[in-house]
Amino acid sequence: MNTLQQFLNQRVSYHVHELSLPAPNTQQMTDILQAAMSTPDHGKLKPWHFLVIKQTRIEELISLLQTAWQQSNSELDPQRAKRLASYLKQAPSIVLVSAEINEPSPISKQDQVFSAAAACQMILLAADALGFGGVWYSTDAVELPNVRQLLGLQNKHQPVGFLVLGSPISKREKARANVSDHSFEWLGAANVSPWGETKSANQERLK
C-alpha cells in the first residue's frame, strides 16, 4: 500500500467533542479551501460557496440562529435545533458549504449540488493532510428563509454541509467495511456478480 492509499484509508471523521483549538489559521484555511478548487465540476461552473465562521464568532452565530428559529414558526424540531446549537458551540471553526446554482444552465441542478458535496470531501481531506480533523453535519436547520438571510445566503445558494474543523484531541483509527460487500461486476442483462468473484448473482442483490 502506497502513502496515498494509506492516507485515504486512514481518514476518519472527528465529531465536535473530539476536536479542540487550534483551528486552521487564515493561511491554512485558504490552503484547505484551495484544495476544493480541484473538485469534479461538470461544465466548469465552479458552483461552490464557502462561508467560514471563526471560533470567535460562533457564540454570536448561535444566539442569532436560536432567535431566527424561534421566530420562524416552522416545523423544525426544537430538540434538533437545540442539538445543532450544542454542536456548533463546541466547534473550533465552521465552514458552511453551499452549492451556488447556475441557472439557466445545461448542467443540471443535481450535478451542481453533487459538485458542492464533493467539495466537502475535498475540504475534509485537505484538513486531514494538514494535521486537522473534521466532521460533516447536515444543514436542514439553515434552510429557513430568515436563517438563510442571516448567513448571507441568496436564493441561488443550496447548503450541503456544515463542516466543523479543528485539532483532534486524540488520533484514532476506524475499522473499514469490506469493499467486496458493496461492489459488483455487470455480466449482462439483470446479471451481476460480486466484484472479484466469478459466481453470478441476480440483480436483486443490488436492491
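Even glycines carry a Cβ here, placed using N, Cα and C.
The FMN binding site annotation in TrEMBL covers ARG11, VAL12, SER13, HIS42, TRP136, TYR137, SER138. What TrEMBL records for 26-166 is domain 'Nitroreductase'.
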Extent of the FMN binding site in Å [max Cα distance among ARG11, VAL12, SER13, HIS42, TRP136, TYR137, SER138]: 28
TRP136 (FMN binding site), number of other Cβ atoms within 10 Å: 18
Three-state secondary structure, TYR137 (FMN binding site) (per DSSP): strand
Long-range Cβ environment of ARG11 (FMN binding site), under 8 Å and at least 6 residues apart: LEU124, LEU125, ASP128
For the domain 'Nitroreductase' (26-166), the number of residues DSSP places in helix, strand and coil: 72 helix, 30 strand, 39 coil
Distant-in-sequence Cβ neighbours of SER138 (FMN binding site), under 8 Å, six or more positions away: GLY161, PHE162
Spatial neighbours, same chain, of SER13 (FMN binding site) - Cβ under 8 Å, 6+ residues apart: LEU124, GLY133, GLY134, VAL135, TRP136
DSSP-derived class (H/G/I helix, E/B strand, else coil) of SER13 (FMN binding site): coil
Nonlocal neighbours by CB distance (under 8 Å) for VAL12 (FMN binding site), same chain, sequence gap 6 or more: GLY133, ARG172, GLU173, LYS174
For HIS42 (FMN binding site), nearby residues of its own chain (Cβ under 8 Å, 6 or more apart in sequence): ILE107, ASP111, GLN112, SER115
Residues that sit under 8 angstroms from TYR137 (FMN binding site) by C-beta distance, when 6+ apart in the chain: LEU84, TYR87, GLY161, PHE162, LEU163, VAL164
Mean of pLDDT values spanning the domain 'Nitroreductase' (26-166): 92
